[in-house]
Amino acid sequence: MIKLNNIXKIFELPXKKLTALDNVSLNIEKGQICGVIGASGAGKSTLIRCVNLLEKPTSGSVIVDGVELTKLSDRELVLARRQIGMIFQHFNLLSSRTVFENVALPLELESESKAKIQEKITALLDLVGLSEKRDAYPSNLSGGQKQRVAIARALASDPKVLLCDEATSALDPATTQSILKLLKEINRTLGITILLITHEMEVVKQICDQVAVIDQGRLVEQGTVGEIFANPKTELAQEFIRSTFHISLPDEYLENLTDTPKHSKAYPIIKFEFTGRSVDAPLLSQASKKFGVELSILTSQIDYAGGVKFGYTIAEVEGDEDAITQTKVYLMENNVRVEVLGYVQ
């Protein structure tokens, strides 16, 4: 449905050239939800704006539903864009128009009949849960309600693709959850292909089928959500996955934690990161028995993404130095990421 081939985007600045996108290729199948994740300034917004040619690529091709947009005339592009809806971090609603009138605007611009507009917009407001707000003005809506209006407006022309540019980043956590649930429902019921960009791995984890990681204008990793969470190949992907966890040491341990052991009875506090099959295997128990070490679990968390389990365990590991080293090597050989957080006295 969406195919980006070797996209490059270079901005000409007064004193230099800025490469925002560098040879980016991405293929999104019909009906998928794909998330592009990256830090601020990584090129996410430029990438999504290249899909509907709000930003024209310096080189490369953009193909949507079999049509190469980069070869279209201006008039042909206007028509092709009707198949591509878009929502933004900021809702861009017209304050002088009601909810109904804001959603109806694309159909009015297409000179649709009043009867069709009435029927279509009524159905869309029902879909996004705003039937009772049809006559309200944007100033009387919450942030989540405004984004629902923007989503309904983006769907008014029956697009095949919906682009979401940081659509939840200005919303509180509860509202974010409701908007993500709505996007998932729209994808399921209407079969719309969704491309979203975000800096939050939690968003990707919750609704995406596919994920691409962007860094300094390059796609550094991509695959299904399950593949990336089970076996992240780049440090950046690993960092984003870790950000979905909220685990910390008890205060008494934090207060006594040192970077190096102060004496022979100072034992390491180790974080073990499990993904895929290593989550279900009793590896810590096996290591304890095999090497004669004692593991006192301080905190642990397991989660799911794309049908794959992943998680962390932090433990105090007691034993002689050789046994602890052998334990770490054994776990790493079994695809467990091992990180020594410090030592307790």
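Numbers run from 1 along the shown chain.
Cβ from N, Cα, C; glycine included.
Feature list (source: Swiss-Prot):
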DOMAIN    2-241  domain 'ABC transporter'
BINDING   G38, A39, S40, G41, A42, G43, K44, S45  ATP binding site
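Using a 10 Å Cβ-Cβ cutoff, G43 (ATP binding site) registers 25 neighbours.
Summarising the environment of S40 (ATP binding site), the number of other Cβ atoms within 10 Å of its Cβ, over all protein chains shown, is 7.
Other C-beta atoms found within 10 angstroms of the C-beta of K44 (ATP binding site) number 25, with every protein chain shown included. Using the Cβ center of G38, A39, S40, G41, A42, G43, K44, S45 for ATP, the list of other same-chain residues with Cβ within 8 Å runs, in sequence order, H199, I214. Restricting the average to the domain 'ABC transporter' (2-241) gives a pLDDT of 93. In the three-state DSSP reading, S40 (ATP binding site) counts as coil. Around G38 (ATP binding site), a 10 Å sphere centred on its CB holds 24 further CB atoms from the protein chains shown. Of all Cβ atoms in the shown protein chains, 12 besides its own fall within 10 Å of the Cβ of G41 (ATP binding site). Cβ neighbours of A42 (ATP binding site) (same chain, under 8 Å, six or more residues apart in sequence): I214, D215, Q216, G217.
In this structure, S45 (ATP binding site) is part of a helix by DSSP. Less than 8 angstroms from the CB of A39 (ATP binding site) sit H199, D215, each of them six or more residues away in the same chain.
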